[in-house]
Structure formats: C-alpha cells, structure tokens
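Reviewing the structure listed below.
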Amino acid sequence: MLSSHGLKPGTSARGAGRAPAAALRYARLCSARTHSRSSRVAAAAVAAERLDAQVCVVLGTQWGDEGKGKLVDILAQQYDIVARAQGGANAGHTIYDDAGNKYALHLVPSGILNRDSTCVIGNGVVLHLPGLFEEIENLKKKGVSVEGRLKISDRAHLLFDLHKEIDGLREAELAGVGKQIGTTKRGIGPAYSSKATRNGLRVCDLQKLDTFAEKLRKLSLDGEKRFGSGFVYDVDGDIEKYHELAKKVLPFVTDTVEYLHTAYDEGKRILIEGANATMLDVDFGTYPYVTSSNPSIGGIATGLGLPPTKYDALVGVVKAYTTRVGAGPYPTEIFGDLAEGLREIGREYGTTTGRPRRIGWMDIVALRYSCRINGLTHLNITKLDVLSELDEIKIGVAYKTRDGQTLRSVPADLETLENVEVAYETMPGWKSDISAVRDWKDMPQAAKDYVQRIEDLIGIHCKWIGVGPGRDALVVKPAKGK
C-alpha cells in the first residue's frame with residue numbers, strides 16, 4: 001500500500017534520501033552515458049530505424065514539457081526539413097548532442113543539430129527577433145551554425161517588447177482579482193491578439209521600413225490607450241533597433257509555403273515539430289488556462305500551409321506521468337513529498353521560465369482526448385526512468401462528477417473539471433534503474449506492463465520509450481504481438 005505521499009509507510013522521498021540519491025545517480029548517468037562510445041552507437045541504431053513517413057508530425061499530448069525536442073532531434077537525422085508551425089519563445093525544448101552538450105531552444109527548431117537538415121519557422125509562429133538572434137548566437141558559440149540552414153516565413157507575425165509589456169500588465173490585472181493565467185510573460189498572447197485584431201506586423205513588413213515605423217507607432221498607441229501611464233515602451237528606440245534587425249533577418253526570409261510544397265513534390269522528407277501541447281490548445285485545452293495558439297493538429301496545417309492530406313505519421317509525445325506550469329485545473333495532481341521527489345529526479349523546472357512544474361499521475365482521460373483530436377498514429381512515452389523509485393504507480397482512467405456520473409472525456413466546464421474525482425488503477429513499480437536499458441527485452445517486466453497498459457487503454461502503439469535525457473536514452477518497443 002502507498003502512504004499519503006506514495007512511498008512505503010515510514011519512508012519519505014527526501015527523508016530516506018531516496019529521491020536525492022536517485023537524482024544524483026540520474027545526473028551522473030546522464031553525464032557519463034552521453035560521452036560513451038556505446039551511447040553513440042545506441043543513438044545511431046535508433047536513428048537508423050527509418051520511419052516510413054515522408055511527412056511526420058510530432059505533437060505534445062498533455063500540458064507541454066513532454067520532451068518533444070528530444071524525439072525531433074533524433075528523428076531529424078532521417079529528415080531533410082524540420083519545421084515549427086506555431087507558438088513562440090514560450091516553447092522550451094531541451095536537447096543533447098552525442099557528446100552530452102545541452103541546448104535549450106525556444107524558436108529555432110530542434111532539428112538544428114542535424115547539419116544536413118534545413119529548419120523552417122512557419123507563418124504560425126510569433127517571432128521575437130532579438131530573442132531569435134540571441135539563440136542563434138548561443139548556438140554559434142557551441143559550434144552550430146544556422147547559415148544557409150534556417151528559413152523564416154515572410155508571413156510570420158512579429159512579437160515586440162511592447163507585447164511583453166502588455167503581457168505583464170494583463171497578468172498583474174488578473175492577479176488583482178485572483179484570476180491570473182500564469183503565462184510566461186513572453187508576450188505570446190498579446191502578439192496573437194495583434195494578429196487577430198489585424199494590426200500586427202509581419203516579417204514581410206521589414207522589407208518596407210518606412211511603413212514599418214508607422215505601423216509600429218500605431219500598435220504602440222493601442223497599448224498606451226489601454227494601459228495609460230502604466231505602459232512603458234520606447235517605440236522610437238525599437239524602430240531604430242528593427243532597422244538593424246531587418247538587415248540581419250531578411251537573408252533568412254522566404255515564402256515558406258512555396259518552399260515546403262516544392263520540397264514535398266521533390267520527395268524531400270519533412271518533420272514538423274509541435275510546440276506547447278493539446279491540453280493548452282486555445283480551443284481544446286483548459287480554457288482560459290491555455291496558450292494563445294493551436295498546438296493541436298489544426299495549428300500545424302494553418303501554421304505551415306501544408307495540408308493534412310500530406311501527413312503520413314502523427315506522433316504524440318506523452319510523459320510517463322504528467323506535469324503542468326501555471327494555473328488551471330489538473331485532476332491527477334500529486335502533492336507533498338512524492339511530488340517534490342519526482343520534481344527533483346525529473347528536473348521538472350521550465351526550460352523557458354525556470355518555474356517548478358506541478359506533478360501528477362498519468363491521465364488517460366486527457367491523453368485519450370488528445371489522441372482523438374490529433375488522430376495520432378504513434379506514441380512516444382518519455383521519462384519512464386523517473387518513476388523507477390516508486391513502489392506503486394497510479395494511472396488515472398476515468399473522471400467521476402460529484403453526482404456520480406462517469407466522464408470518459410475532458411469536460412469544457414472548468415468547475416466540473418476542477419471537482420472531478422479520478423478513478424485510478426494501481427500498478428507495481430519496477431524498483432530498479434532503467435536508465436541504461438536500450439533494448440525492450442531488457443526492460444523490467446513491471447515497466448513493460450506499465451507501458452503496455454497505457455497502450456491498451458489508448459489503443460495506439462507506444463513505439464518509443466524514453467529512459468533518460470540523452471539522445472541515446474531511447475528504447476524502441478515492438479508492436480504488440482511482434
């Protein structure tokens with residue numbers, strides 16, 4: 001039986017030193033493992049298993065931070081083009097190269113480490129140019145060049161510092177009435193608002209700097225009218241800055257719709273990297289505690305101009321447990337020592353903000369909902385190794401309302417969702433370190449059973465199993481019956 005914090009009675013994740021010890025072992029293994037020759041061989045073996053899909057889409061299925069970047073980085077070795085379709089610098093994808101070097105990406109697609117691939121930032125992305133070039137410079141310092149390998153849509157909307165200022169002011173207003181969203185304050189929502197109200201500026205506007213200045217002044221005036229003296233933004237300084245940024249960005253700018261369709265017709269392989277996740281989708285997520293774009297499959301089509309008829313594989317990335325940042329309902333949330341221990345072992349702090357993530361059990365109701373919306377063909381379960389210390393592991397399989405009604409899907413009404421009782425299945429833990437496992441047959445039976453139970457409940461093949469952060473730390477699971 002589990003105690004209140006999920007471990008054996010009389011044992012705490014911190015008190016017994018178990019979670020810190022596991023975290024230390026995890027860090028050491030990551031460092032040593034990614035430097036070894038055997039690790040590089042293992043990573044190459046995974047990458048060598050060619051996915052039979054000219055166009056593959058990788059999407060987040062939960063509340064973000066599932067580890068999409070790692071799978072994109074691995075699959076990128078098989079693809080000619082890696083594209084981002086939506087979101088902005090609120091997305092944070094952490095990836096590692098074969099030498100164990102860490103890269104934190106926010107706007108540049110995670111395929112950038114494959115020197116043979118071209119990366120595309122699509123029209124659905126809101127683009128903060130100073131942040132983009134800071135990211136490019138950081139890559140350059142680590143020996144990764146984007147020259148000739150990065151294409152930016154001329155239709156992508158620009159995100160300015162004024163959008164960040166508005167984001168902070170709006171959050172402060174909401175906080176005053178106890179309704180803050182918990183945004184990253186990166187200006188994402190206000191930038192998409194400018195797009196929707198049709199007064200936003202696009203990358204192509206940088207080709208005509210005389211009218212660019214006029215448009216930016218009008219956009220700034222909206223902020224002044226809305227927030228008065230609280231709105232602090234140097235519009236003339238930004239206009240001057242963007243005159244210089246225009247010179248730097250225009251060599252990367254192209255009609256990415258034409259580029260992608262031409263590449264497809266030539267037989268090029270295209271990998272599409274989703275940002276954020278379906279449970280944060282502005283239409284399908286826990287609204288209003290969501291992002292401001294469509295991280296689900298619809299946002300891929302509108303964010304790149306590449307239609308769904310061309311998609312051959314749709315991969316959903318799902319953490320072996322769940323996490324979320326910011327406010328909003330979270331039915332399977334865990335509290336206390338267990339949550340704290342898993343947060344430390346899994347290093348569950350935001351790539352973009354550094355905020356500690358909330359922790360929860362696997363939520364099958366939310367996962368099934370996400371899979372149906374996106375029409376997924378494969379799943380990638382990540383961070384299975386983080387659960388290795390637990391005696392028992394829970395899977396949330398149904399929601400029950402206060403009046404006893406069983407819900408098999410995620411309700412739109414937040415009050416209903418906040419008050420559901422989760423029905424759980426409990427499975428035994430495997431109580432052994434799986435971070436060095438690279439073959440499915442070597443996985444502990446209890447770990448196999450956990451993965452298989454998720455696959456059976458969802459009905460989609462869990463093809464890839466992550467057992468650590470390194471590029472090599474991936475196990476390919478055979479389809480059931482093979």
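Note that Cβ sites are derived from N, Cα and C of the backbone, with glycine treated the same way.
What TrEMBL records for this protein:
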type	residues	note
BINDING	64-70, 92-94, ARG357, 383-385, 466-468	GTP binding site
ACT_SITE	ASP65	active site, proton acceptor
BINDING	ASP65, GLU66, GLY67, LYS68, ASN90, ALA91, GLY92, HIS93, THR184, ARG198, ASN276, THR291, ARG355	IMP binding site
BINDING	ASP65, GLY92	Mg(2+) binding site
ACT_SITE	HIS93	active site, proton donor
ACT_SITE	LYS195	active site
BINDING	THR351, THR352, THR353, GLY354, ARG355, PRO356, ARG357	substrate binding site
What same-chain residues, at least 6 away in sequence, bring their CB to under 8 Å of the CB of ARG355 (IMP binding site)?
VAL325, GLY326, TYR349
If you draw a 10 Å sphere on the Cβ of HIS93 (active site, proton donor), how many other Cβ atoms land inside?
24
For each of the binding-site residues (GLY64, GLY92), count the other CB atoms lying within 10 A of its CB, then report the residue with the highest count.
GLY64
Let me know how many other Cβ atoms fall within 10 Å of the Cβ of ASN90 (IMP binding site).
26
Compared by Cα position, which of the binding-site residues LYS70, THR353, VAL467 is the closest one to ASN90 (IMP binding site)?
THR353
For the C-alpha pair, I'd like the distance in angstrom between PRO356 (substrate binding site) and THR94 (GTP binding site), rounded off.
16
Near GLY67 (GTP binding site), which of the recorded positions HIS93, LYS195, ARG357 can be found within 10 Å, Cα to Cα?
HIS93
Going by Cα-Cα distance, which of the binding-site residues (LYS70, ASN276, LEU384) sits nearest to THR353 (substrate binding site)?
ASN276
